[in-house]
Structure formats: C-alpha cells, structure tokens
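According to Swiss-Prot, the protein carries these features:
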type	residues	note
ACT_SITE	Glu118	active site
BINDING	His141, His143, His212	Zn(2+) binding site
Amino acid sequence: MIMTDFIDSPYVRDMAQTTENLYRHGWDERNGGNVSLRLTKEEVEAYAGTDKVLRQIPIKFDASELAGKYYLVTGTGRYFKNMVEFPERDMGLIRISEVGNSVDLMWGFNDGGEPTSEFPSHLMSHIARLKQDPDQRVIMHCHPTNLVAMTFTIPLSSKRFSRTLWKMHPESIVVFPEGVGVIPYMCPGTNEIGEKTAAKMADYRVVVWPHHGVFAAGDSLDETYGLVETVEKSALIYTTIREQGGEVLQSLTDKDFRDLIKRFDLKANEDFLTPDAVGATVD
C-alpha cells in the first residue's frame, strides 16, 4: 500500500490554513505569532516521511514530562502569510526526546529552521492543559488588535477583563465561561513568561499578555481559532463603544449571565459572576 506523504495530511493543511487566517485577520503581522498542535503516534505513523529523525534540536526547557509526544509547530522567524506555499519550510513535526531538553525533527524545517522561540512556553502550557483535559491539543499565540488595546485602558485583572468581555455579547460567556486569565507584562520569549502563562492555563483557556497578545488552548485548530475570534469580537465591540463616546445606556446584566448559564448548562467562573465593591483589587 502506498502511504500518503505527511505534507498532504489534514494536519499540515489545517495548520497552513489556520495560520493564513490569523495573518489575514491582522493578528500575526510579519513573523509574529506561533501555533503548536499535538499529534498521536498513530496519526503520525499513518503518513510517509515521518519515520526517521532528521536532526536533533536543543530546547531551553525540560520537557521530559512530554517525552515521546509529537507536535506540529510553526518555525521561529517565519511569516504566517507564507505557510500555505511553503509548509515544509515554515513548520516542522517534532518529537520530544526522552531526556526532555531536545526534540527530534521528523519532518519539515527543510532549510535548517527550528521551532518558534516561544516553544518552551507552548510546552509548559500543553503540560498545564493536559492535566485539566487530556483532549487538549492546541496552543495558539497571536496578537488580536482590540484585545491588546484593552490592556492599555482596563486594569490588568482577570475578573475585570472577563466581566467586560462577557458583557459585550451573549456568546462570550457561552464560549469562555471560565473567563480569561491576565498576567502582568513580561518580556516575551523567556521561560519566566511561559511559567506564568502555564500557571494561568490551569484555570483558563485564554491568557492575556498585556500590550502583546494572547495564548489560547483548545481541542482542535478550529476550536482554538474560534475561541480567539470570540474574545476578539467582544474586544472589538468594547472598542467601538469607546469610539462612540463610551456612554453605555444598557448592557448584559448579572441576571442575563445566570440565564445563559442555565440555558446552556455552563460551568461558569462563580468568582466572576458578581462585580467587585468599589475600590476592590482582584487578580
């Protein structure tokens, strides 16, 4: 039986299409943004060209907890607008080594490339999310314009951000009933920001990086993309309200939240369902 080449797999196709959509939205300019997708051994071995280690690539993180797991990941310095045309150059299929401080390249990065510089942060978040849900496969980092803008105008509080976004549209609490996590501004590309993000990923599928972007998690590329889309739509509505003068005459209420929770049988974040007292500070 002739096996299909990995480049023609739905995983490569979907990754290329998703990253192009992120670029078209304006959320991943230049080489901004990165995505990783966990694949099973069976999914990988069903395709030709994935059975030999092409080279080993060191990583600055002990990922031994994920030893043997496969990830399709975008490359460092690569432009998402080029992924559809050059998938074998701009993404790679890697396997975490047993010792955890390197990865085996099984496919891709055919010009000598390496995984995104944020890959340690991805792996930390994959570890955190797998502990919450074994079906979680995707970590996505991008720069949604309106959500980033909100980090300049709203206190950097998970509760304040979540309630503000929930109030913008009824789909918000339905799609991210746990809310969104917010961390302080930190230098990107470091293990420190990865650790802080992973800690929030224990409770949230979306973590806001102030003045920068988001990390989001999901079961599939489509689901994770849709999660970011929904968060950004709420942020766009918030931005549009401010452009119209900022006066809000009516909006979704806490009772409306409760009605949505009941209607869609949601496990919402109870801590975020009531506003704080004036002057209160929360994470």
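Counting begins at 1 with the first residue displayed.
Using the three backbone atoms N, Cα and C, a Cβ is placed for every residue, glycine included.
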Just how many other Cβ atoms lie inside 10 Å of the Cβ on the residue listed as 'active site'? 24
Between His141 (Zn(2+) binding site) and Glu118 (active site), what is the CA-CA distance rounded to a whole number of Å? 9
Using the CB centroid of His141, His143, His212 as the Zn(2+) site centre, which other residues of the same chain sit with their CB within 8 A? Gly32, Gly33, Cys142, Val148, Pro188, Trp209, Gly213, Val214, Phe215
Name the residues of the same chain, 6+ apart in sequence, whose Cβ is under 8 Å from the Cβ of His143 (Zn(2+) binding site)? Trp27, Asp28, Glu29, Gly32, Gly33, His212, Gly213, Val214
Which of the listed binding-site residues (His141, His212) has the least company, meaning the fewest other Cβ atoms within 10 Å of its Cβ? His212
